[in-house]
Amino acid sequence: MADHSRLRAALRLIEGPQTIGRGPKFWMGFAIVLAGACAYPMFADSYDVGNNVYFFNWLFMAMGLSLIWGYGGSLSFGQTAFFGVAGYCYGVLTINLGDAYGLTLLSTLIAVGFSALFAAVLGYFLFFGRINGVFLGIVSLSVTLVLERFMAQTAGPQWAIGSARLNGFNGMGGMPSLTIPWPGGSIVLFPDLPLYYLTLALLVVIYLALRMLVNSRFGNVLVAIRENPQRAEMLGYDIRKFQLGGFVIGSALAGLSGVLYTSWGNYITPASMGMTAAALPIVWVAVGGRGDLTTTLVGTLAVLIVFQRLTIHGSQYALVVMGILLVVTVLVAPRGIVMGVADASSRLIRRKDTR
Amino acid sequence: MDIFNLIFSFLYQFGDAFAFLVLSACGLAVIFGMMGVINLAHGEFIMCGAYVSTSAAHAGLPLPLAIIAGAVAAGIAGMIVELAVIRPLYQRPLDTIVATWGISMIVTQGTLIVLGPSMQGVGTPFGSFTLGGYSYSVYRVILMIAAVGTLVLLWLMFTRTRFGLLSRATIQVPHVAEAMGVNTNLIYSLTFGLGAGLAGLAGGLYAPTMTLVPTMGASFMVEAFVTVVVGGADIFLGTAPAAAILGIIKAALTGWQGQLAGQIGLLIAVIIVIRILPRGISGKILKERA
């Protein structure tokens, strides 16, 4: 019975002070959106379905950054480092181990674990050195830039781990996709229906889990640290441990994005850790609204879709538009576009009411 | 004889690394030290300086004047950016990082669209000299002199001029300075312009030695960041000694294992230094003095 009530207590955390959206109305909307997402492949061809999986892949990194930056208040510019580390790790493992017996799933776990470990080591030095926000951003950005340059020079046969060649600037390719072992032939998850549903399920599970996390004691302390680190410390919390915890979880999510991306396209390049790549998650999360998981999710998806449309129609102007979007958002709607629109419309409604 | 050659070669390597670290970092350090703003568009101001000075040199201006033109152009660009984007964000320092990153994206990609993927450079002037079988570039030695000269000029500017006095007052207690009649907005604007101009100077000085591409600023970023983080908020007590220490590390590792090892070594050094001296060398010195 104790387990039962504990489960119920955990489930109650799914809505709380740290997340917007509560009550039957919100969950009704959530169910409708989810049903729409489930039904989507029926109305789209397999290219579009695969393309949507591509969008979904990035959302994990965005939610992780929202946790670190929006909830924890530590600005990390280097999430792509964990993305790249996990992607390369997955590539090296699966090329060496092959895709039989569910080894790709094991590789996924190891790769995500490895990026979390990397984050823990880096985070130990940063948070236990009591680095404030600005320096944290610089150091994490430097880490990802140096990693990019390191991977870019790994051309040639001497740079190989087992039978996996790292291939320098051109990046690594030819790793198997995620494969689920199944009696009577294993299921290879090409960017199509099965992978779509798997990624969607993963997305929903992690979204709900993160909602519970930020409404739990841990999440509340994280928000308290964002609001006022000294006060949180005076109240007796070891803020370093909480910041490190949030950083590791968020970075593991970036790693998960890296693995999914690598197995989705069967390749990973050093450019995925470069300056432009590192800027994009910041754009999504800042523009979408970093302070809340739901706005991050919605905003990131919207920005990703707009960015891809822009890239198709005027490829070279896409990054300029992204830059302008970022500057304007920071200046005009610091809480992100979703919240900015909501604020503006509620102000409008209130003005009508008073009249 | 051989020992002397080795020592000279190491000193040359060290001086080269020191000059690169000082020149690439001092613009960033001025803006961070004075205003607490980390300017992620720093690399783009460097690129701006390099492009303007190279174009000026192509137009027939002598190289020293061309370099100064590059610095001035970057400085003016910096003041415009400060006015348009940084000023509304003084209360939100973290957001200035994000905003300057947006500017960096716009400028990099905009340059690529307008000026194409690369620009014809001017060759490295002055040739080279030989000592004990090794050949050294004269221009690199000039860069070392320029780095030291820049530090000296900055020191004179901050300690001997009225601008220096007012700006130091503004950093210490902005409200009191304002109450005493200092136009703090003007000081911030000039400081940001100075930082951007120093970045432009670095770009102009290094333009003859590099390939001019729109993303060239990024190749300065890691070194500049690392030096500012290790140094802390003060330029003279922080950036200069940090550049000296990091210069030794970089020269030793580069000589031993190549360029990339030098960079990785710098990064590891920084992560360890942060654990021991969270506020950098200058934070440590100033705390002990206080």
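Numbering starts at 1 and runs along the chain as it is shown here.
Cβ coordinates come from backbone N, Cα and C, glycine included.
These features come from TrEMBL:
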- A:26-43: transmembrane segment (TRANSMEM)
- A:55-73: transmembrane segment (TRANSMEM)
- A:80-98: transmembrane segment (TRANSMEM)
- A:104-127: transmembrane segment (TRANSMEM)
- A:134-152: transmembrane segment (TRANSMEM)
- A:195-214: transmembrane segment (TRANSMEM)
- A:244-261: transmembrane segment (TRANSMEM)
- A:267-286: transmembrane segment (TRANSMEM)
- A:293-311: transmembrane segment (TRANSMEM)
- A:317-342: transmembrane segment (TRANSMEM)
Taking the transmembrane segment (A:134-152) as the first stretch and the transmembrane segment (A:317-342) as the second, find out whether 3 or more Cβ pairs fall under 8 Å, excluding pairs closer than 6 in sequence.
-> no
Segment-segment contact (the transmembrane segment (A:244-261); the transmembrane segment (A:317-342)) at 3 or more Cβ pairs under 8 Å = no
Same-chain residue ranges lying at least 6 outside the transmembrane segment (A:104-127) that approach it to Cβ under 8 Å = 74, 81-83, 85-87, 89-90, 93-94, 97, 135-136, 139-140, 143, 176-180, 240, 243-244, 247-252, 254-256, 258-259, 263
Candidate ranges A:26-43, A:55-73, A:317-342 - greatest C-beta contact count to the transmembrane segment (A:293-311) (under 8 angstroms) | A:55-73
Intrachain residues whose Cβ lies under 8 Å of the transmembrane segment (A:317-342), provided they are six or more past its termini = 276, 279-280, 282-283, 286-292, 295-296, 298-299, 302-303, 307, 310-311
